[in-house]
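Chemist: Pasting the relevant annotations from Swiss-Prot:
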- Gly170, Gly172, Lys173, Thr174: ATP binding site (BINDING)
- 1-84: region 'Domain I, interacts with DnaA modulators' (REGION)
- 84-125: region 'Domain II' (REGION)
- 126-342: region 'Domain III, AAA+ region' (REGION)
- 343-462: region 'Domain IV, binds dsDNA' (REGION)
Amino acid sequence: MAVSLWQQCIGRLQDELSAQQFSMWIRPLQAQMDGDTLVLYAPNRFVLDWVRDKYINIINQFFTEQMGSDAPKLRFDIGSRPSAPRPVQATAAVERPKFEQNTKPAKTSFNVNSPEPAMAANHRSNINRTYQFENFVEGKSNQLGKAAAMQVAENPGGAYNPLFLYGGTGLGKTHLLHAVGNGIIKNNPNAKVVYMHSERFVQDMVKALQNNAIEEFKRYYRSVDALFIDDIQFFANKDRSQEEFFHTFNALLEGNHQIILTSDKYPKEIDGVEDRLKSRFGWGLTVAIEPPELETRVAILMRKAQESGINLPDEVAFFIAKRLRSNVRELEGALNRVIANANFTGRPITIDFVREALRDLLALQEKLVTIDNIQKTVAEYYKIKMADMLSKRRSRSVARPRQVAMALSKELTNHSLPEIGDAFGGRDHTTVLHACRKIAQLREESHDTKEDYANLIRTLSS
C-alpha cells in the first residue's frame, strides 16, 4: 500500500518541482517497506542529505493526507533496495517518447581488420587516469554536476541517462567525463567506455563512408557500454553526423548504455542541431557547471600548488583568485606562470611578485570587466535601458536587473561597496549589500535567477 502511494507521491513531487530538481533528487530514489516503515534508498550521501533536508516535509504531508494516522514512518538509507528484482524508482508521469528507430544495440564489436582500422582504435585509452573524483575541487558552482557524475559512475545506464553537462570552457566538464570513465572501469574493468570530442565522431563517420565501412562504424558505436562526447555543439549543421548520432543515441539508450554529453550551452540553445536531438538531450538530467566562486577558486589554486610541490601562501592564492574569475583553466595557467617565474628567478612567491609575473593578464582582466560594462551587459540581457541602472525606479522589472548588476559588480570587480553604490546613481553601500544578499538568496531558490546569473557570468568572462 505505502509503496504504491509512493508512486503517487512521486507524481505530486513532479508537479511541484522543476524538471531538473525532480530528475536530480527524486528520480533516483527507490522505495521498500520494512515493517511499518517506508525506506527510501538514495544512491549516495549527497542525495540522501539533500532530500531529507529539502523534501521530507512534502513527503510526510502527502502520506498524512492520504493515510492519516496510518501513515508509515520514513527512513532514509544509502544504496539500492535489497532483494528487489525490479526496483520501485521514481518515474515521470509522462512517458518518454517512443524511439523513432527501435534498434537493438549490436553485440559485435568493431572489426579492427575492417577497411578503416584506425576508427576502431582503443578509445578506452582516451580515458585520462589523471582525472579522478578525488582531485576534482568541489564548490557550489559544480557540486550538482559532480554528484550526478558520481552516481553515473556507480550506476551507469540508470536514472541520469543521458547526463548533459553544460557551461563555459575550462570549468571542469571534461574532468568529470574522465572521472566517470575511470569510475566505471574501476567497477567493471571489462567495460567498453568510449570518450571523444564530437569532431572525432564526425571524422570517424567520414572515414567510414570513404572506405565503405559504415556498417562497421554503426556496430562499433552501438556496442559500447558508455559513450562520452565532449562539445556536442560541434555537431551543428553537420546533418549526416546528426542523423547517425540520432540512431546511435536511440540504440544505446534502449540498451540502457550510458551516454554523457557536454556543451557550452543549454541543449535548447544550441543552434544548428535538430530539434529531435535537442529534445533527447534533455531526457535524462541536465546540469549547469558554473564559473567557480571565490572559495573554490582559492581551493583550486592551493590544490594545484600542492600537486606541484609549491608552498603557495594563502594571501597570494586569494589575490589571484579575486582577479581571475572566468574558469579553472585560466587559474591553472596563471599559477603555472607564477611557478615558472619563481623557479627561474629564485624569488619567493609574494603578492608583489605575482603582480609582476601576471602584469599583462591582470591588466587585461581589469580592462575587460568594469562596472560600466556589467551595467550595459545586464541592461541588454534584461532588455531595459542603461539609464534604468542609475534611476530611482523601483518596479521589479527594473530593480531586479539592477540588483543583479550590483551583485555581479561585487563579484567581478575589485571595487568597494561604496564605489559600486556611487556607480549606480549614488546609492549607499547598504543598498549594494542588500542587493548582493538578495540575489544570492534568489540564486538558491529560483532556477531562472540562477540561470540568468550564470549566463551573465559567462558573457562577461568570455
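Cβ coordinates are placed from backbone N, Cα and C, and glycine is handled just like the others.
Neighbours and distances for these, please.
Modeler: With a cut-off of 8 Å between CB atoms and residues at least 6 apart in sequence, the same chain places Ser326, Asn327, Val328, Arg329, Glu330 near Gly170 (ATP binding site), listed in sequence order.
Remark: secondary structure over the region 'Domain I, interacts with DnaA modulators' (1-84) totals 48 helix, 17 strand, 19 coil, with classes taken from DSSP.
Broken down with DSSP, the region 'Domain IV, binds dsDNA' (343-462) shows 92 helix, 0 strand, 28 coil.
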Chemist: Which of the three DSSP states, helix, strand or coil, fits Gly170 (ATP binding site)?
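Modeler: SS state of Gly170 (ATP binding site) = coil.
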Chemist: Taking the Cβ of Lys173 (ATP binding site) as the centre, how many other Cβ atoms fall within a 10 Å radius?
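Modeler: Around Lys173 (ATP binding site), other Cβ atoms within 10 Å: 24.
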Chemist: The region 'Domain II' (84-125): mean pLDDT?
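Modeler: The answer is 39, the mean pLDDT of the model over that range.
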